[in-house]
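Quick look at what Swiss-Prot annotates:
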SIGNAL    1-15  signal peptide
DISULFID  C85-C96  disulfide bond
CARBOHYD  N95  N-linked glycosylation site
DISULFID  C133-C141  disulfide bond
DISULFID  C143-C160  disulfide bond
DISULFID  C207-C221  disulfide bond
DISULFID  C209-C216  disulfide bond
LIPID     S213  O-palmitoleoyl serine
REGION    246-271  region 'Disordered'
DISULFID  C288-C313  disulfide bond
DISULFID  C302-C308  disulfide bond
DISULFID  C312-C352  disulfide bond
DISULFID  C328-C343  disulfide bond
DISULFID  C330-C340  disulfide bond
DISULFID  C335-C336  disulfide bond
Amino acid sequence: MALLRALLGLLACTPRPSAAYFGLTGNEALTILPLTSEMEEAAVKAHYKVCDRLKLEKKQRRMCRRDPGGAETLMEAISMSALECQYQFRFERWNCTLEGRYRASLLKRGFKETAFLYAISSAGLTHAMAKACSAGRMERCTCDEAPDLENREAWQWGGCGDNLKYSNKFVKEFLGRKPNKDLRARVDFHNNLVGMKVIKAGVETTCKCHGVSGSCTVRTCWRQLSPFHEIGKQLKQKYETSLKVGSTTNEATGEGDISPPKKSIPGHSDQIPRTTDLVYIDDSPSFCLMSRYSPGTSGRKCYKDKNCDSICCGRGHNTQSRVVTRPCQCQVRWCCYVECKQCTQREEVYTCKD
C-alpha cells in the first residue's frame, strides 16, 4: 500500500532546538516498528532499542525508556496520527504527504497544514497514552481512578476509564514547556495544546446498569475518550477555520503573545485567536504543482462530481475505463457465513492531467 510505504520510509529532519517535537512533527522516522520475537524474549532491552530508533530528544528518550510500554505507545501514536491525517485530507490538494523531503520542508514553515500536523500529533499521543493506561500496557499508570461525577453515591465506579489525567501530564512534559519569545515556537506549542484540548472535550461517561429486570438500581460507570476518527474530524474543521497570527508583547509580563497580524490582510480575519483555534503564520502554497512541499496533483485520482475541478487546479482530468469484479447479491446462510456472487462491472477512473 502507498500509505504503508510512506510510513516505512525513513525521514531526516533538521533538528530545532526551540522546543520538543514528536510524531508527524518530529525527527524520528515515520516507521511502524513490528513487535518481534526478540522483543518478547528480551522486552526491556528491545524497548530501549525502539526508543533509540525513534529519534527523540534526550528528555523524550528518557521518558520513553522509563516504562516498558512507552515505546509501543509512542509508535501507536505516530501510526494513528499519520493514518488519520491522510484520511482527513484524502480529497484535498495537500493529502498529508508524509514522504521525508516534503514533510521536512513543510515543517520549516508555519502553514495551516503544519498547524494541523502539530495538533494531530499531540492528540494522537494523548489518546494513545490514555488508552494504553486503561488497557494495562503501562506500568506507571492504570485506569482513571478519580471520578468527579455528580451523585457519586448512586454510582459504582467499576469500569476501567481512559486515564486522561496521566496522559495529559505525560504529554505536556514530553512536548516541553511554553516558549517565551520565538513566535514560531509559541505557535507550535499553541497548536499542540489545541490537539490535547480536543481530546479532553471529547471525554464521555459510559454507564452500564445492574439490577433486577434492568431496574438500574446500581450503575457501573467509566470515562471513555471519543474514537480517534472523531478527533481527526474535529481537528480538520479547526484547520478549515484556522487563524493567521503575528506577534505582540504582553506589557504586563514582557512575554510574547500570538495575535492577529498588525496590518489587515484581505481574506484574513482580525479575530483574536482562542485557545481552541488552530493558528498559523505563513500563507500556504497552492500544492497544485510539484514543489519542495508536495509532489503536486498531477496523476492524482479524483471524483468527477466532487473534487476534480479543485484538485486538478483547472488543468482538467483524464478518464479511463476499467472492468472490476466485486462481491454482489450476498446472502447470510445458516449457520454462519455470508455467500456472495462475483459480479463484473465497468467503471470510470478520473486522474488529474499534468
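Glycine is no exception: its Cβ is also placed from the backbone N, Cα and C atoms.
Note that the structure is a prediction, hence the values are computed from the model and not measured.
Here the features listed in Swiss-Prot are painted onto the structure.
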| residue | record | Cβ contacts under 8 Å, 6 or more apart |
| --- | --- | --- |
| N95 | N-linked glycosylation site | Q86, F89, R300 |
| C96 | disulfide bond | A82, C85, Q86, Q88, F89 |
| C288 | disulfide bond | R93, G296, T297, C313, R315 |
| C308 | disulfide bond | C302, H317, Y350, C352 |
| C328 | disulfide bond | C340, K341, Q342, C343 |
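Comparing CA positions across the disulfide-bonded residues C209, C216, C221, the one lying closest to C141 (disulfide bond) turns out to be C221. When the disulfide-bonded residues C133, C143, C221, C330, C336 are ranked by how far their Cα is from the Cα of C209 (disulfide bond), C221 comes first.
If you take the Cα of C160 (disulfide bond) and the Cα of C133 (disulfide bond), they are about 10 angstrom apart, rounded to a whole number. A distance of 10 Å separates the Cα atom of C207 (disulfide bond) from that of C216 (disulfide bond). Nearest by CA distance to C216 (disulfide bond), out of the disulfide-bonded residues C143, C312, C336, is C143. DSSP assigns C308 (disulfide bond) to a helical segment in the three-state reduction. Close to C330 (disulfide bond) in the fold, though at least 6 residues off in sequence, lie V338, E339, C340, K341, each with a CB less than 8 Å from its CB.
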